[in-house]
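Novice: Starting off with a structure, shown below.
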Amino acid sequence: MTNKNTATIYFRDEEKQFHLSNEKISYIFNVSTDGKLLQLYYGKALPEKDYSYLIEMHHRPMTTYRQEHDLLYSLEHLKQDFPEYGTTDFRHPAISLRQQNGSRITDFTYLKHKITDGKPKLNQLPATYVEDNSESKTLIITLKDDLTNVELELSYTIFSDLPIITRSTRVLNKGTQTQAIENIASLSLDLPDANYDWLQLSGAWGRERAIKERALQQGIQSIESTRGISSHQHNPFVALKRKNADEHQGEVIGTAFVYSGNFLIQAEVDTWDVTRLRVGINPFGFEWQLKSNESFTTPEAVLVYSDQGLNGMSQAFHKLFRKRLARGKWRDQERPVLINNWEATYFDFNEDKLVSIAETAHDVGIELFVLDDGWFGERNNDHAGLGDWSVNKQRLPHGIGSLAARIRKIGLKFGLWFEPEMINKDSQLYREHPDWLIHTPQRQDHHGRNQFVLNFSMPAVVDNIFNQMSAIIDESKLDYIKWDMNRPLTDVYDSHLDFSQQGEVFHRYVLGVYRLYDMLTTKYPNVLFESCSSGGGRFDPGLLYYAPQTWTSDDSDAIERLKIQYGTSMLYPISSMGAHVSIIPNHQTNRLTPLETRGNVAFFGSFGYELDLNQLTDKEINVVKSQVSFYKKYRSVLHNGTFYRLLSPFNNDEQTAWMVVSPDKKIAIVAHYKTLNQVNRSYQRLKLKGLNATFEYELDNSMYTGCELMNAGLIITDASSGQINEQNKRPETYDFDSRIWVLTAKEN
Ligand code: GLA
């Protein structure tokens with residue numbers, strides 16, 4: 001991040017016009033004569049001047065108007081910045097307050113505003129931040145509803161050197177009566193047309209974040225979570241992409257929600273093709289009782305504008321998430337190469353077996369040993385033990401401290417798996433506190449994987465788990481924690497809250513999760529946290545604030561991972577994607593892929609292994625050794641460089657390619673993966689991106705200019721003719737083949 005503050009927020013007093021701008025983007029809106037916020041422009045940077053002419057008011061039949069005798073001013077016709085329903089607008093609103101008399105009609109109007117350097121923190125919530133006030137400017141606009149005396153503080157931060165605006169909303173009840181917030185958006189933005197394709201990342205367990213696209217149409221299109229976690233099904237991210245935009249050029253607007261619970265992102269296209277984009281907590285199942293003198297802060301929404309296609313959007317997200325969302329020591333530090341025992345042993349391990357894997361791991365250069373599920377309580381299968389975070393004496397009779405010491409003596413760091421939010425009924429914790437699991441009184445509880453969810457909206461529960469985890473972290477001097485979460489929430493109810501507050505439980509749960517993360521990361525700043533939720537079920541920007549990496553998917557098959565990692569890279573930096581080499585036949589797909597390809601895919605993530613190294617042949621061990629040393633040599637480039645997607649596995653062309661370029665453009669690492677061999681195929685060149693056109697890059701003992709590599713490209717033609725004869729041998733490439741090229745520049 002630079003120190004030059006190019007972010008500016010202009011306020012034109014006469015026109016009551018705000019213009020947030022840096023050298024990349026502009027975001028402009030007016031305050032109307034009756035105090036409403038009217039959206040004028042969002043996109044590529046514009047010079048500062050009066051843009052009031054962009055407000056269009058036309059008479060339209062069968063609509064309603066604000067003032068008697070006037071047939072022009074209708075909120076339904078206007079593009080707005082924080083709309084309400086029922087006072088001439090009929091689209092979905094950014095806020096809905098149910099008042100004591102049952103009415104949901106409000107009329108929030110401009111009261112005041114404040115422009116400051118920097119960016120204020122969000123109460124109890126993860127959010128992007130600045131390290132120096134010169135990195136951004138923030139506008140806070142206060143709107144007021146006179147009848148209820150409720151105020152809204154709309155916060156807009158523009159970053160200096162990123163095409164990014166962040167948004168959040170605070171509701172303050174300055175009246176005497178309690179108000180029920182039924183719906184509160186973090187961001188609402190009306191765009192003047194609907195000429196976009198909607199791109200979402202959706203899927204399921206084992207196939208997270210697949211790219212799905214469709215054209216916007218009149219009506220509502222949305223993605224959401226109702227599961228209490230952000231979910232495998234939909235990631236809290238959407239891109240609106242111009243029809244002619246692709247990976248490298250064209251306009252794209254991306255939005256992401258810094259939250260780990262129920263969310264809703266929707267685009268409502270109205271009858272005049274205005275697109276209303278809405279990002280926030282999911283109103284479904286949500287209601288917050290806001291008592292007199294209380295306030296409610298929404299999570300943060302991030303808005304990215306790119307005129308350089310999807311890669312341009314992704315690179316802005318990556319930079320923000322890597323440097324100004326992730327925090328702490330591990331934000332900038334190289335991540336250790338790890339080995340995790342889950343797919344190697346599952347529950348079938350003892351101390352000696354673990355130690356022997358660790359010894360081989362050390363021999364090949366691995367740096368961190370992670371003991372996964374099964375080390376605690378009576379955890380001999382997945383029916384028991386969750387909630388009891390003390391060592392399983394049957395498996396590890398000498399205790400966890402002793403195992404940690406043995407691992408450390410071998411020369412490895414030591415990490416452990418926890419699932420802090422969960423409880424099995426067969427556990428000491430449940431026997432002591434049967435009322436601590438989330439359930440609805442007098443109704444049946446529903447399990448997932450034989451386990452139940454602890455009520456993290458109760459501070460006593462969070463404190464108990466914190467104390468249990470602290471004791472283990474202290475005893476084993478942990479270097480790393482994998483924080484798992486393996487089922488969605490059902491039967492959501494909290495007997496400690498009033499009947500009217502039951503719509504608060506989902507959000508209070510997420511706040512409890514954040515509180516535990518906050519306490520642990522504060523007390524143990526050196527511990528590297530990796531979040532996980534049956535793989536990537538909670539891979540969201542909210543958790544990146546606490547845990548700089550996430551286990552990307554339980555599907556560790558290299559070919560499946562191409563799609564998963566490609567989709568995930570839409571907004572998440574590759575440093576945040578846990579990626580492990582696993583055994584073949586792969587445990588999820590039964591597929592046989594070459595060890596080299598498994599490594600070549602996992603390099604583009606936080607790299608590690610998840611297999612029993614002692615079952616590999618000597619030849620395979622040598623491959624592993626060279627993979628580990630390759631990764632160590634280039635991990636700084638991989639994690640600090642600029643990532644470009646080149647060929648998409650979603651295009652059904654049997655190939656994927658991506659590359660990373662170091663910040664000084666002197667090193668580029670290019671990867672090309674081929675799914676199936678094809679016969680007699682067309683000639684193909686892969687055009688590289690992001691190089692310095694005038695640098696000369698060395699590759700396979702030849703020199704190429706950046707210019708030719710980016711314009712003519714590397715040859716990636718599959719050489720097989722399909723026939724074997726004297727001149728044509730068997731194909732040299734095979735199914736699931738891959739190649740990595742490292743280009744090193746010599747400056748002219
Ligand atoms: C989840 C995780 C896996 C592993 C198991 C252990 O499925 O995603 O990586 O930790 O739990 O039970």
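Quick reminder: no glycine exception, Cβ is built from N, Cα and C everywhere.
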Novice: Going by TrEMBL, Trp205, Asp372, Asp373, Lys482, Trp483, Asp484, Met485, Asn486, Cys532, Asp554 bind substrate; tell me which of Arg170, Arg408, Arg449 is listed for that site too.
Specialist: Arg449
Novice: Determine how many residues of the domain 'Glycosyl hydrolase family 36 C-terminal' (655-743) DSSP places in helix, in strand and in coil.
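Specialist: Summed by class, the stretch gives 6 helix, 34 strand, 49 coil.
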Novice: When you look at Trp205, Asp372, Asp373, Arg449, Lys482, Trp483, Asp484, Met485, Asn486, Cys532, Asp554, which the record names as binding substrate, what is the longest CA to CA distance in angstrom?
Specialist: 19
Novice: Name the secondary structure element type, per DSSP in three states, that contains Trp205 (substrate binding site).
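Specialist: Trp205 (substrate binding site) sits in coil per DSSP, no helix or strand.
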Novice: For Lys482 (substrate binding site), name the DSSP secondary structure in the helix/strand/coil scheme.
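Specialist: Strand, per DSSP.
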